[in-house]
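J.: What TrEMBL records for 55-241, 373-577 is domain 'Amino acid transporter transmembrane'. Sequence annotations record features per position, and here TrEMBL assigns transmembrane segment to 62-80, 86-108, 133-154, 174-194, 201-222, 378-398, 410-431, 451-473, 494-512, 518-540, 561-581.
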Amino acid sequence: MELQKMTNGHHCSDLSPEKIILEDGFEAAEEREEFLPHGTEGGKKVVQFTDFEGKTSFGMSVFNLSNAIMGSGILGLAYAMANTGIVLFIILLTCIAVLSAYSIHLLLRSAGVVGIRAYEQLGNRAFGTPGKVVAALIITMHNIGAMSSYLFIVKSELPLVIQAFVGKENTGEWYMNGNYLIIIVSIVVILPLALMRQIGYLGYTSGFSLSCMMFFLISVIYKKFASECPLDSHSHNITVTEASMGMEFTTHSVLPTAVPTAGLMLTTGGPTEFTTVTDSLTTLLPTDVQNLMENATESLYELINATFTTMSSTDGHMETTSDLTTPIIATTLGDLQSLSTSVADGELPMRLISDHEHSVADETCLAKMLTINLQTAYAIPILAFAFVCHPEVLPIYTELREPTKNRMQGVANISIAAMFLMYLLTALFGYLTFYDHVESELLHAYSKTDTLILCVRLAVLMAVTLTVPVVLFPIRRALQQLLFPDKPFQWARHIIIALCVLIVVNILVIFVPNIRDIFGFIGATSAPSLIFILPGIFYLRIIPEEQEPMKSKSKMGAAAFAALGFIFMVMSISFIILDWVSGEKRSGGGH
């Protein structure tokens with residue numbers, strides 16, 4: 001059945017190739033035409049895509065698309081920068097952003113020809129039922145990956161938040177078990193929202209979600225300037241804890257050079273000093289505690305001075321007798337005093353730190369401009385996953401007031417530019433805070449007890465939890481079009497599909513141990529399909545050859561665009577599988 005255009009509720013002529021005017025030759029009236037026909041067609045009522053068609057302002061459309069772009073991928077960008085370097089990361093991020101905008105351009109051109117604002121229906125128009133099935137499956141796979149990443153954040157962060165609130169360590173209670181928590185959140189919060197019939201009712205959470213992510217960005221920037229490098233959490237100082245005092249502190253002693261003794265870092269400096277792991281609590285220590293610490297470190301000082309005297313007539317090296325990679329932790333003040341006795345009796349080994357080892361701390365705080373390693377394979381999928389918004393572009397176009405192709409392209413360009421800036425700032429300041437110690441999920445790199453980070457965790461948890469129902473709607477729509485294309489709405493089917501999707505996602509989150517696996521593999525498969533491959537081949541199939549021959553610049557560009565997506569997909573999957581295999585070998589060898 002040939003689709004028809006309508007203006008102000010009246011039928012227009014059929015969309016024959018001769019009557020289609022493509023971009024660079026669009027007429028003003030053509031630009032203002034609506035995509036979806038109104039009224040009846042063939043005696044059957046035409047189902048509208050949304051009840052809010054054409055009522056959203058340009059600014060709100062930018063807001064909605066930005067929220068669609070924004071996802072949990074932002075938490076993995078600092079890790080991507082650590083494995084590419086700053087320069088390569090900026091180049092890759094810029095390329096992905098530009099290519100994403102171009103793919104939206106191809107989608108809008110294709111949709112303008114056939115009068116369709118659903119991704120699956122574009123596949124049906126281009127390749128029939130197989131095209132519709134492929135498009136629906138890719139959208140389903142991608143959105144399940146997105147939901148999995150959101151719930152993985154809930155699984156990893158919610159126990160930390162609860163732990164901070166109750167003020168006790170995680171000792172295995174059910175309410176601190178991430179697997180139990182995501183099941184509870186899915187049933188209590190996500191499922192009721194996902195059962196709403198209209199996705200428009202969830203639009204009120206868009207502003208709140210973006211505000212939470214803005215708070216996250218501001219906090220990351222603040223933490224960069226509030227933190228010193230190297231961070232205490234990555235130093236190799238011995239930590240002494242007095243339970244009755246409720247504080248932690250480290251000790252540094254004066255030596256001609258830096259020597260680690262059983263995990264105790266003795267560094268060059270002035271008089272013996274005490275520095276806290278968290279805050280400056282030195283003045284709060286009782287006098288007898290300070291004296292005990294001084295006596296212990298002075299004993300070590302005398303012992304090592306004697307060692308240096310002996311070594312001056314030898315080759316200057318001392319061999320270790322055990323593995324020093326794991327520092328020995330003193331849990332009471334008495335342990336520190338006995339430590340010096342153990343060293344004096346030869347029970348604990350010592351060795352000199354070479355000049356190379358002595359400079360490790362300085363190298364740790366050195367930003368890398370360009371880095372290529374096996375982990376770099378994850379960078380492109382993470383970036384591509386962060387910019388995928390294509391299944392939502394056409395529905396937002398439907399809601400845009402005075403919808404024209406140029407107007408919607410402007411919405412897309414502004415949204416992508418805004419998210420590009422947010423992504424870049426988050427990655428840059430997150431990387432410059434932790435450097436090579438950054439985690440694949442950025443929030444894990446911060447202190448568990450920091451008040452600001454606790455607030456950030458709460459904000460991110462609320463944002464991603466309220467985003468999951470929005471992502472579930474396109475999955476349900478795709479499955480309904482595949483399995484029940486001609487069936488009327490039924491609440492039973494509506495509920496069962498939502499339940500099945502949530503069960504699958506919960507299984508993925510419980511059994512996939514690292515969020516990088518979700519970002520990497522899903523991004524390497526669905527993201528290039530949605531960004532590169534499908535828009536390119538849809539354009540080639542839908543745009544008539546009478547208007548644009550296959551050898552035209554536009555179609556050759558679309559073909560190259562689709563080919564780039566295939567190359568990107570194969571390379572990314574190959575590198576990720578190679579990394580998994582090599583990682584398993586290292587793991588197996590180490591255990």
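Heads up, the Cβ atoms here are built off N, Cα and C, so glycines get one too.
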J.: Which listed stretch (62-80, 201-222, 410-431, 494-512) has the most C-beta pairs under 8 A with the transmembrane segment (174-194)?
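T.: Stretch with the highest Cβ contact count: 494-512.
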J.: Take the transmembrane segment (201-222) and find every residue of the same chain, 6 or more past its ends, with a Cβ under 8 Å from one of its Cβ atoms.
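T.: Hits for the transmembrane segment (201-222): 63-64, 66-67, 70, 74, 193, 422, 425-426, 429-430, 433, 442, 452-453, 455-456, 459-460, 462-463, 466-467, 469-470, 473.
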J.: List, by number or range, the same-chain residues at least 6 past the transmembrane segment (561-581) whose CB is under 8 A from its CB atoms?
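T.: For the transmembrane segment (561-581), the far contacts come to 99, 102-103, 106, 374-378, 380-381, 384, 520-521, 523-525, 528-529, 531-533, 535-537, 540.
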J.: Pairs 6 or more apart in sequence, C-beta under 8 angstroms, 3 or more of them: is that satisfied by the transmembrane segment (518-540) and the transmembrane segment (410-431)?
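T.: Contact absent: fewer than 3 Cβ pairs fall under 8 Å.
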J.: What stretch in 86-108, 378-398, 410-431, 451-473, 494-512 has the biggest tally of Cβ pairs under 8 Å against the transmembrane segment (133-154)?
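T.: If we count Cβ pairs closer than 8 Å to the transmembrane segment (133-154), 451-473 scores highest.
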J.: Quick one: find which recorded stretch in 62-80, 378-398, 410-431, 451-473, 494-512 has the most Cβ pairs under 8 Å with the transmembrane segment (86-108).
T.: 378-398
J.: What residues in the same chain, six or more past the boundaries of the transmembrane segment (378-398), come closer than 8 Å to it by Cβ-Cβ distance?
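T.: Beyond its ends, the transmembrane segment (378-398) has Cβ neighbours at 35-36, 49-50, 53-54, 56, 61, 64-65, 68-69, 71, 73-74, 76-77, 79-80, 83-84, 88-89, 92-93, 96-97, 100, 103-104, 107-108, 111, 116-119, 139, 142-143, 145-146, 408, 411-412, 415-416, 419, 423, 474, 516, 519-524, 526-528, 530-531, 535, 568, 572, 576, 579.
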J.: Can you work out which residues elsewhere in the same chain, 6+ from the ends of the transmembrane segment (410-431), have a Cβ less than 8 Å from its Cβ atoms?
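T.: Distant Cβ neighbours of the transmembrane segment (410-431) are 58, 61-62, 65-66, 69-70, 74, 77-78, 80-82, 86, 89-90, 93-94, 97, 100-101, 104-105, 213-214, 216-217, 220-221, 223-224, 367, 386-387, 389, 393, 396, 400, 438, 442, 445.
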J.: Who are the chain neighbours of the transmembrane segment (494-512) in space, where the CB to CB distance is under 8 Å and they lie at least 6 residues beyond its ends?
T.: 144, 147-148, 151-152, 155, 179, 182-183, 186, 190-191, 194-195, 197, 472, 475-476, 479-480, 518
